[in-house]
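Visitor: Got a structure here, written out as structure tokens. Questions coming.
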Amino acid sequence: MLESSAGTPLGGRRCLKERLVTVCSLATLRTCFPILTWLPRYSLAWLKMDLLAGLTVGLTVVPQALAYAEVAGLPVQYGLYSSFMGGFLYCVFGTSKDITLGPTSIMSLLCSFYVGGDPVYAVVLTLMCGLTQTAMALLRLGFLLDFISYPVVKGFTCAAAVTIGFGQFKNVLGLKNIPRQFFLQVYYMFHRLPEARVGDVILGLFCLLFLVMITVMKNTLGSSEVTPSPLVRFARSLVWSFATVRNALVVIAAACVAYSAEVMGCHLFTLTGQTAEGLPAFSPPALSETTANGTHMSFSDIILDLGGGLAVIPLMGVLESIAIAKAFGSQNNYRIDANQEIFVIGLTNVLGSFVSAYPVTGSFGRTAVNSQTGACTPAGGIVTSVVVLLSLAFLMPLFAYIPKASLAAVIICAVAPMMDFRVLPQIWRVKKLDLLPFLVTFLVSFWEVQYGIMGGVVVSVLMLLYLVARPEVKVSELSSGLNFPATEYLSAFLRAHALHVSTPRCVVLDCHHVSSIDYTVVNELKDLLKQFKLHDVSLVFSRLKPCVLEVLLSSDLPGFRHGDSIEACLQIMSINAHYD
């Protein structure tokens, strides 16, 4: 072996140099810093669209953040503290052009169960949540989410929507000191109905009516004419603009009414009250506190009190954000990197704890607004974050006059679309047994949200283990099912070997050994078939068992094709497919 004058083997030096070149290659840098993939191509046209999208989302996030802090049981300014860090970090590290990170209804609900309205607990939870998520990303543990099936996710989101929405009616009624536990909420809300404040009820119902009316108008914008006149186009544009910032309009109008009433000496509404002014200090989070009664709570005491939240909240935060990113990636024809998404969520939470934020994740509603407004890159998040910072710097004194009934109306209308029970007949058609984890998650979540999630996961895993332990056995053949934990692996494998090669390849999927299929797999196959169709290549299923074929045919999969044999599939593909 040749050696240098310093005694270092030249072969080893070359090997080290090759490793450094590999680590520092442009592809690796683009993987770690996705901003490098779009920043060199950034244009003035993109800047205009990102500015518009960022400003629109900013006007949406401010009232929502105030409202979600109420759901979390924290002072309203903590919603804004949690809303700006994600925009800056996601611009650099995010892989979706549409996702916006910040407080959400589900994360706020989960936090309310663990932090008990204590900001110190909330910030410690944010730090631990971020560290957990960052570790998951670095260890590439994103595959663990594959064991949370789609019925469990839908059961949880439906239950959370009911819990959050119903829980806000206490603010519409102007009632105080209502327990957080759902069944106790129901009892005490009806029991104390005669104590409702007339001003809060009238204002809350008016805000709800306005929000519903504007939402319905927005949803029916494009249904009347094929080629509308310029006047109609202007009217639709005006309605769409009002609908997009409807939350801000409602909160501003309600605050003006409340302020006028207070000036005249009429205390008609329950107000948000005095809030802390100015920007939060950037400093390490407090890891201990002394309570009002003089009890000192050390870091270990806080960790013990947070308990299961240290596992539930990081997992649900990651699951919610990645599900949203995948949905919009499929809609807008791009792919996201799941581990990179987990990393940026974790980093946002870690740094967010330095500005007194509570745990954040991707927001479906604000992501939809971002996408519909025409965001071209994640740079719009910077504009959104600046809007939040300006609100913190100059508008906090005005937020004291916001009626809680108006914030409650914003939350109720935000979570209403999450109550999507149309999925039940779809699950029934695909695999009736998948209703079991859905119902367990949905029902148990009314008792305790975290128990509902764990219960649904346990039931799903037990169902999976039973299928593994009791496969269908024939004389000389062992058959097995295609179930939800394998979904992401199969999808990624097919994309890597068929769509992401230089010339996309057609695929024949031999399903001779597939004896069962569940709803999570069918849901992923919809996206997979759509991607194959976009690339003008074929994905054909061969030798499907009658029971599986019946499920797939009843699921209305776009572009689904099958053949009785491999030869028949090749004949199908030879009509309109490209061969590699």
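Backbone N, Cα and C define each Cβ position, glycine as well.
Pasting the relevant annotations from TrEMBL:
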- 463-557: domain 'STAS' (DOMAIN)
- 20-39: transmembrane segment (TRANSMEM)
- 51-69: transmembrane segment (TRANSMEM)
- 75-92: transmembrane segment (TRANSMEM)
- 151-169: transmembrane segment (TRANSMEM)
- 198-217: transmembrane segment (TRANSMEM)
- 238-261: transmembrane segment (TRANSMEM)
- 306-329: transmembrane segment (TRANSMEM)
- 341-360: transmembrane segment (TRANSMEM)
- 380-400: transmembrane segment (TRANSMEM)
- 407-429: transmembrane segment (TRANSMEM)
- 449-469: transmembrane segment (TRANSMEM)
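Walk me through the surroundings of each of these features.
Guide: Remote same-chain partners of the transmembrane segment (51-69), defined as residues 6 or more beyond its termini with a Cβ less than 8 Å from a stretch Cβ, comprise 75-80, 82-83, 87, 100, 102-105, 108, 244-245, 247-248, 250-251, 272, 358, 363, 365-366, 369-370, 373-375, 379-388, 391, 399, 402, 407-408, 410-411, 414.
With a threshold of 8 Å between CB atoms, the same-chain residues lying at least 6 positions outside the transmembrane segment (75-92) that come near it are 33-35, 54, 61-62, 64-69, 99-103, 119, 122, 126, 272, 275-276, 280, 344, 347-348, 351-352, 355-360, 377-379, 381-386, 388-389, 391-392, 396, 399, 402, 407.
Away from its own ends, the transmembrane segment (238-261) comes close to residues 56, 59-60, 62-64, 66, 199, 203, 207, 210-211, 214-215, 217-218, 221, 267-269, 271, 369, 372-373, 398-399, 401-403, 405-407, 409-410, 414 of its chain (Cβ-Cβ under 8 Å, at least six residues beyond either end).
Long-range Cβ contacts of the transmembrane segment (306-329) within its own chain (Cβ-Cβ under 8 Å, at least 6 residues beyond either end) map to 95-96, 98-99, 101, 104, 106-107, 110-111, 113-115, 121, 124-125, 128-129, 132-133, 136, 142, 144-145, 148, 153, 156, 335-336, 338, 341-342, 345-346, 349, 359-364, 367-368, 371, 449-450, 453-454, 527.
Residues 69, 72, 74, 78, 81-86, 89-90, 93-96, 99, 101-104, 107-108, 110-111, 115, 119, 122-127, 129-138, 142, 280-285, 313-314, 317-318, 321-322, 325 of the same chain sit 6 or more residues outside the transmembrane segment (341-360) yet have a Cβ under 8 Å from a Cβ within it.
Residues 49-51, 53-55, 57-59, 61-62, 65-66, 76-77, 80-81, 83-88, 90-91, 94, 100-101, 255, 271-280, 370 of the same chain sit 6 or more residues outside the transmembrane segment (380-400) yet have a Cβ under 8 Å from a Cβ within it.
Beyond its flanks by at least six residues, the transmembrane segment (407-429) meets 63-64, 66-68, 70-71, 76, 105, 151, 154, 157-158, 160-162, 164-165, 168-172, 204, 207-208, 211-212, 215, 247, 250-251, 272, 364-365, 435, 438, 519, 551, 554-555 of its own chain at Cβ-Cβ distances under 8 Å.
For the transmembrane segment (449-469), same-chain residues at least 6 beyond its ends with a Cβ under 8 Å from one of its own Cβ atoms are 109-110, 113, 147-149, 151-152, 155-156, 159-160, 163, 308-309, 312, 316, 433, 436-438, 440-443, 480-481, 483-485, 516.
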Visitor: So what pLDDT does the domain 'STAS' (463-557) average out to?
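Guide: Computed over the domain 'STAS' (463-557), the mean pLDDT is 79 on the 0 to 100 scale.
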Visitor: With DSSP as the reference, give the number of residues of the domain 'STAS' (463-557) in helix, strand and coil.
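Guide: Residue counts in helix, strand and coil order: 48 helix, 19 strand, 28 coil.
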